[in-house]
Amino acid sequence: MRGLFPPIALASTSPRRQALLAQIGVEFKRLDIKVDESPQPAERPTSYVYRLALAKARAGWGQQPPRGRLPVLGADTAVVVENEILGKPADRAQAGVMLTRLSGRSHQVLTAVALTNGDEAQYRLSVSTVTFKRLTKDECEAYLASGEGLDKAGAYAIQGWAALFISRLEGSYSGVMGLPLYETGELLGNLQERKK
């Protein structure tokens, strides 16, 4: 469906986000954006993902030369257990602790998407509930040894081997991957309408 949406800049180096945008035919330029992803004191998970998605989009806007700037899409994903944000694990030990917390229970995955064209910004939020089966020690060890979840929020990748752990998903598969396509399509569609 190329041509349905205007070209944009993606404030992310995530291969998953790039593949998801390509899946819906969006032409994009990739921007390597670094923002501090530390939660603020007493920050709610929804506020956290909104803040980071917007920070990434704004940083991407500022990174482009003024002439020929493209609208910038930023996204952020958080895995939430009992209102606690599980970010990307610092190391294998922390990833193991996260998997243990997720084992045999449900958690939420929040992904916020922000699109900015300068001073103006739009947002969308995807909220999904993911249920893990009870993991055995061998399953945890094998998954940790794979290294697959070490750079992912909550220490797992739904599109990889961790799919074997998920007994139920309510919400957006692409949102759990890191870029909810329905919400992204809404933002890009609104941008396209304003260009007419």
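In case you wondered, yes, glycine gets a Cβ from its N, Cα and C as well.
Feature list (source: Swiss-Prot):
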- ASP76: active site, proton acceptor (ACT_SITE)
- ARG16: site 'Important for substrate specificity' (SITE)
- THR77: site 'Important for substrate specificity' (SITE)
- GLN159: site 'Important for substrate specificity' (SITE)
Residue from ASP76, THR77, GLN159 whose C-alpha is spatially nearest that of ARG16 (site 'Important for substrate specificity'), among the recorded positions: GLN159
Cβ-Cβ neighbours of GLN159 (site 'Important for substrate specificity') (radius 10 Å): 17
All-chain count of other Cβ atoms within 10 Å of the residue listed as 'active site, proton acceptor': 26
Fewest Cβ neighbours within 10 Å, where candidates are the recorded sites ARG16, THR77: ARG16
Mapped DSSP class for THR77 (site 'Important for substrate specificity'), helix or strand or coil: strand
Rounded Cα-Cα span from THR77 (site 'Important for substrate specificity') to GLN159 (site 'Important for substrate specificity'), Å: 15
Coarse DSSP state, helix versus strand versus coil, of ARG16 (site 'Important for substrate specificity'): helix
